[in-house]
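A.B. asks: Following this message is one structure expressed as structure tokens.
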Amino acid sequence: MRHSAALSAVVAVLCVVASVASAVEFAHPPAVTYKQYTPAKERSYLAPHPSLDYQLSRSPARHLRQDGTNLQCLKDLNYYFNMSTLIETGGWQYVDAMGKVPSGLIISLSPISWGDYDGCMRIPGATYCMMKGDIDSVEYKGMVYPNETLPTAYAFEWGVCVPASCDPVTLTDQSHAVLQLIYENTGLNFTVSSVGAYCRMDNEYHAGAIVMLFLSGVLIVLVLLATGYDYYRTYLKRSSHVELSPTNGHDIQGNGQNGETRPLLDAPTKAEKASGPRVKQPLWQSLTLGFSLLQNVPRMFATNTKDESLLSLNGIRVISMCWVVLGHTYLWALDSGIQNPYAVYYMSIRPTFQIIANGFFTVDSFFFLSGFLVCYVVLVMLAKRNSLPYFPYMIHRFLRITPTYMFALFFYWYIGPLFGDGPNWFRVQSNHACEQYWWANLLFVNDFVPNSLYDECMGWSWYLANDMQFYAISPIFLLLLYRRPIWGVISLGATLVVSFIVTMALAIQYDLDANLQVAIFLQAIPKYDYSAIIYTKPYCRIAPYIVGMFTAYILNRYGQANRRISRPKILGLFFIAASILLGIFFSMYSKFDSTSFLHWDGREWSTAENAIYITFARFGWSVGLAIIVWLCVTGNGGVVNYLLSTKAFMVFGRMTFCVYLIHPIVAASFFYTLRQPTILQDLPEQFYFIANTVISFAGAFVMCMFVEFPLANVEKTLLG
């Protein structure tokens, strides 16, 4: 009851914070001024947009001329969209289903109208296509709005219902004719650049999808058979039940997602204690029982621990994961198309929105946890063995992560497109990044190949590549810290300095803007791709990992428990940690001007200021976390440690790896199947966030039971 109350208190506090962070919009919006900036490229964080060549290969190509023009499409367009014969030809249905003039076209920056997707698909011989492009000017009822008065990324998305004989390439090539149709039916005259058409495609059960469905079926059957066998031998035969030894990777280990170490906090369950000494069992039986739900479900919900000093890390892990889901919920909503782009800018000038917009730092929290736990566990192991065999060290890590990771990747690639349908579903259906670069994910080099985050397969998986590379070089530091502590500390410091120098040099050379909200939330593309230069590069992201290792070394070297300090010192350290974290969080707000619309740099930062923030912000964030973790682990955390150490976080913490892998797929399955653009508002976004979180954790539980835990058990049984 006590821990349940604590968990309820944590949830209540988080809800209050989320509500404050997404407060209801001000009654009087700021005065409107405009600033022109570079139009955004048409792209998706989840999956790059399909090429027109690919769509043409999926589309009916009838009566093509040598130049590729589909003559049948042009004939059908002329037939159905003849204004004088709309009733006779049935063309009125096409007109009725296409996009109309939206409210707030100019004042709310809303050149998005998807039309009636389902209505179009009910018309015999019709198909739905989306026209996309960057607007240079808009003429409506005699008024012309030139580009100088339009904001960045003023890209239009217009749904058109056309004869099924049409294909994306022909519509793109004949975009002037399509825009003329829009003008004749809406009175809107767009001058558009970079126009393209994206048409609905049927979902296909190709070879990859069939293989993945078969593999999923095999795993389900294995789990059910193993569970039946376990039930039979345990309850029907009434024989003595021999438990498997606890599997690795389901409690605090590394960043909570990667399983680079044996479990730190598992203690024998009551059933294990009652069963007495473990009896060696045949290999086939161990492998079979590794798939049993009767074995894996209790381990998922077990809360017994040998050492409670590190339980606070579970709370940090789960809260950070929920924070990631929150930020991605907003990101996917923006990427899918919103009816009121003005709201993005309006939200961004609120100080409290920084809590959402700066959620990027949660990734650094995971890097910190990963470095901390690798160092903590390996130093304890070195004290017993005095050696660290590198090959088994890496093989265990690779086999622990890769099967679940690859299952999620191929599921996303082949099965994900079968989940939905809608105006934007083409974004998921054509995933060229996975076709070209899946091997980079397998080798954990997808932070370099391809170079940009936006071209990756599972764009959010760059983090795993960084973390694997950090893990691979960790033995250098660990052996030095154990055998030559001074040189170990020097090596950590030298690595930090090199990372700082490289990051600052790149930030200055490319004159990068420290404000990621410009590139992500404001949908503006800076001169250089921040993700390709710094954001996904390990030599720029290693600082939190190093800080985590150093924190673990200090605790290992000088002891952790019962190092009580006075209350004033505790309050002072918490104040310092909070000041660092909040200062990093809200310092970016100075770049906004609440009296200027679309003018994100209210106070322009110099190149030096941007470079300093880019170089040291993540380091500072990890230092703030290190202070909190040190206080909690040494027994000085008080109520903070009590809340973060709630036993329920142990259970949810075991699911975070799978939540991390699948929550973007859940978000895409929702936002990319919407029939109309989202109206961006705080309260609905919070509901979307809660739904995404609940569904992601539910899906993660299933994935743990049928994929992650069984495969981890197999790895442990075969390799020990």
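In case you wondered, yes, glycine gets a Cβ from its N, Cα and C as well.
What TrEMBL shows for this protein is this:
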- 1-23: signal peptide (SIGNAL)
- 70-194: domain 'Nose resistant-to-fluoxetine protein N-terminal' (DOMAIN)
- 205-229: transmembrane segment (TRANSMEM)
- 246-260: compositional bias 'Polar residues' (COMPBIAS)
- 310-333: transmembrane segment (TRANSMEM)
- 353-382: transmembrane segment (TRANSMEM)
- 394-415: transmembrane segment (TRANSMEM)
- 460-482: transmembrane segment (TRANSMEM)
- 489-508: transmembrane segment (TRANSMEM)
- 542-558: transmembrane segment (TRANSMEM)
- 570-589: transmembrane segment (TRANSMEM)
- 619-644: transmembrane segment (TRANSMEM)
- 651-674: transmembrane segment (TRANSMEM)
- 686-707: transmembrane segment (TRANSMEM)
A.B. asks: Rank 205-229, 570-589, 651-674 by Cβ pairs under 8 Å to the transmembrane segment (619-644) and hand me the top one.
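C.D. replies: Counting Cβ pairs under 8 Å, the winner is 570-589.
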A.B. asks: Of the stretches 353-382, 489-508, 651-674, which racks up the most C-beta pairs under 8 Å with the transmembrane segment (570-589)?
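C.D. replies: Between the candidates 353-382, 489-508, 651-674, the best contact partner of the transmembrane segment (570-589) is 353-382.
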A.B. asks: Do the transmembrane segment (353-382) and the transmembrane segment (460-482) share at least 3 Cβ pairs under 8 Å, sequence separation 6 or more?
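C.D. replies: Result for the transmembrane segment (353-382) with the transmembrane segment (460-482) is yes.
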A.B. asks: Which listed range (310-333, 394-415, 460-482, 489-508, 542-558) shows the maximal number of Cβ pairs under 8 Å with respect to the transmembrane segment (651-674)?
C.D. replies: 310-333
A.B. asks: Per DSSP, what is the residue count of the domain 'Nose resistant-to-fluoxetine protein N-terminal' (70-194) in each of helix, strand and coil?
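C.D. replies: The breakdown for the domain 'Nose resistant-to-fluoxetine protein N-terminal' (70-194) reads 50 helix, 38 strand, 37 coil.
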A.B. asks: Same chain, outside the transmembrane segment (205-229) by at least 6, Cβ under 8 Å from its Cβ: which residues?
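C.D. replies: Distant contacts of the transmembrane segment (205-229): 288-294, 407, 410-411, 413-415, 418, 705-707, 710.
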A.B. asks: For the transmembrane segment (489-508), find every same-chain residue at least 6 residues outside the stretch whose CB is under 8 Å from a CB in it, and list them.
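C.D. replies: Sequence-remote neighbours of the transmembrane segment (489-508) are 476-477, 480-481, 514, 533-534, 539-540, 542-543, 546, 549-550, 553, 607-608, 610-612, 614-616, 619.
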